Each structure stands twice: as C-alpha cells, then as structure tokens.
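> I'd like to ask some things about the structure below.
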Amino acid sequence: MNVPFRVGQGFDVHALVEGRPLIIGGVTIPHTHGLKGHSDADVLLHALTDAVLGGAALGDIGRHFPDTDPVYAGADSRVLLRAAYAKVREAGWQVVNIDATIHAQVPKISPHAPAMVANIAADLGIPESVVNIKGKTNEHLGFLGRKEGIAVTAVALLARQA
Ligand SMILES: Nc1ccn([C@@H]2O[C@H](COP(=O)(O)O)[C@@H](O)[C@H]2O)c(=O)n1
Ligand SMILES: C[C@@]1(CO)OP(=O)(O)OP(=O)(O)OC[C@H]1O
C-alpha cells in the first residue's frame, strides 16, 4: 500500500541497579542508581529506536543489534539510534515527529528533557520542535513505583521521503 505516512511504537524497560551511570536520552543524570543492560542501557533511545524501526516495518533493535553480540557491550545507544535511522532512511522514510513518556518514579525528568530533545534531534537530523519528551511517576505502584526500573513508551510518525 503506497500511503504517505506510517506510525511506529516502541517500549523498553531496564532495571535500576547500584554502580551504573544513569543515561537517558544520551544525558547522564546524577543519581544513586543506573540502568542495567548489555549496552549503556539508554531506555529512552532503545524505545525510540524501536519506534522508528517499527514505523518502517524493519523489525526491532534486538534484530539489528543483538544483545548476545559482544560488539554492543557498553555500546553508546546514540550510535545505535543513528545506525537504525540510517536504515529507515534507506527504506525511504523520515521522521515527522516523536513523542515519548519516561515512566520513572525517580529521578525528575523535566530538568533534563531539553538536553534529551537536543540529542535526539541532532541524531535524527530533525528540528527540536518535533521532539517531545516527558516524565511520569508510577504513583508508587508496582516495580516502577518501587524504583526497581524505568520504562519508556514512544511513538514516531514517519513520512515517505519526497
Ligand atoms: N520522573 C518524573 C515524573 C514526573 N515528572 C513531572 O511531574 C509531573 C507529574 O507527574 P505525576 O506522575 O505525579 O503525574 C509530570 O507531568 C512531569 O511534568 C517528571 O518530570 N519526571
Ligand atoms: C541494546 C541492546 C544491544 O546491546 O542491548 P541492551 O542494552 O541489553 O538493551 P535491550 O533494550 O534490552 O535490548 C536491545 C539490544 O539490542
């Protein structure tokens, strides 16, 4: 079907542990705990990578960058996002806008959101005005509310390149 727009959705979750830096949206946030993962565990960029890959029907982050591959141990997720988006562009799609929610009981996201927006806009080559990042607590409910992890939900609208 030759439609001009496609939507992609992404989700990711990582455990909060001691002894790791907390990196979200490429921003290192001072905090007592960090996110556990094979890569830098940037939960926002992983959900976003899945959203842009999903919109282009290109599978998911694990298919392109397997967590069993030692090449990606400690990987910078900004590099992975850029590489995934290059594949999306090669498939003929470009991002129109992005919206994501970081489900975190702590820390407060809003002071860091502008820096995350700047990183994502730079990595995708799109204006900051089309990137929206927001934080939400889990009202102390469940594993997110107990500060055992952070989750992200993201959507991306893609348009066919001219
Ligand atoms: N990690 C977070 C959580 C929330 N915020 C901001 O606070 C507002 C209220 O959040 P509730 O979960 O209590 O509804 C939310 O709209 C955000 O502006 C945040 O920045 N970081
Ligand atoms: C990023 C990758 C690859 O190193 O690993 P993790 O950092 O563990 O992240 P996750 O979101 O669990 O899976 C995606 C993997 O491709």
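Every residue gets a Cβ built from N, Cα and C, even glycine.
As annotated by TrEMBL, 4-CDP-2-C-methyl-D-erythritol 2-phosphate binding site applies to 12-14, 38-39, 60-62, 65-69, Phe143, Arg146. What TrEMBL lists as divalent metal cation binding site is Asp12, His14, His46. According to TrEMBL, the domain '2-C-methyl-D-erythritol 2,4-cyclodiphosphate synthase' annotation covers 5-158. Taken from TrEMBL, the feature site 'Transition state stabilizer' covers His38, Thr137.
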> Please check each of the binding-site residues His46, Asp67, Asp69, Arg146 and report the ones with a CB atom less than 6 Å from an atom of ligand 2, ordered along the sequence.
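So the answer is His46, Asp67.
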> Other residues with Cβ within 8 Å of the Cβ centroid of Asp12, His14, His46 at the divalent metal cation site?
Val13, Leu35, Gly37, Ala41, Asp42, Val43, Leu44, Leu45, Ala47, Ala151, Val152
> Please report the number of other Cβ atoms within 10 Å of the Cβ of Phe65 (4-CDP-2-C-methyl-D-erythritol 2-phosphate binding site).
20
> Determine the most Cβ-crowded residue among the binding-site residues Asp12, Asp67, Asp69, using a 10 Å radius around each Cβ and all protein chains in the structure.
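By the 10 Å Cβ neighbour count, Asp12 comes out on top.
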> Same-chain residues six or more away whose CB lies under 8 A from the CB of Thr137 (site 'Transition state stabilizer')?
His103, Ala104, Gln105, Gly145
> Of His14, Ser39, Ile61, Arg146, which is closest to His46 (divalent metal cation binding site) if I measure between C-alpha atoms? They're all binding-site residues.
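The answer is Ile61.
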> As a test of reading the model: what is the averaged pLDDT for the domain '2-C-methyl-D-erythritol 2,4-cyclodiphosphate synthase' (5-158)?
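Mean model confidence (pLDDT) across the domain '2-C-methyl-D-erythritol 2,4-cyclodiphosphate synthase' (5-158) is 98.
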> For the recorded positions His14, His38, Ile61, Thr137, which sit with their CB under 6 angstroms from an atom of ligand 1?
Thr137
> Output, ordered by sequence, the same-chain residues six or more apart from Ser39 (4-CDP-2-C-methyl-D-erythritol 2-phosphate binding site) with a CB under 8 Å from its CB, or 'none'.
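When sequence neighbours closer than 6 are ignored, Ser39 (4-CDP-2-C-methyl-D-erythritol 2-phosphate binding site) has His46, Phe65, Asp67, Tyr72, Ala73, Gly74, Ala75, Asp76, Ser77, Leu80 within Cβ distance under 8 Å.
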> Name the residues of the same chain, 6+ apart in sequence, whose Cβ is under 8 Å from the Cβ of Arg146 (4-CDP-2-C-methyl-D-erythritol 2-phosphate binding site)?
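The answer is Gln105, His140.
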> How many Å separate the Cα atoms of Ile61 (4-CDP-2-C-methyl-D-erythritol 2-phosphate binding site) and His38 (site 'Transition state stabilizer')?
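His38 (site 'Transition state stabilizer') has its Cα 13 Å from the Cα of Ile61 (4-CDP-2-C-methyl-D-erythritol 2-phosphate binding site).
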> Is it possible to get the count of other C-beta atoms within 10 angstroms of the C-beta of His14 (4-CDP-2-C-methyl-D-erythritol 2-phosphate binding site)?
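If we count other Cβ atoms within 10 Å of His14 (4-CDP-2-C-methyl-D-erythritol 2-phosphate binding site), we arrive at 22.
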> Taking the Cβ of each of the recorded positions and counting other Cβ atoms inside 10 Å, which one has the highest number: His38, His46?
His46
> Could you state the whole-number distance in Å separating the C-alpha atoms of Asp69 (4-CDP-2-C-methyl-D-erythritol 2-phosphate binding site) and His38 (site 'Transition state stabilizer')?
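On Cα coordinates alone, these residues lie 9 Å apart.
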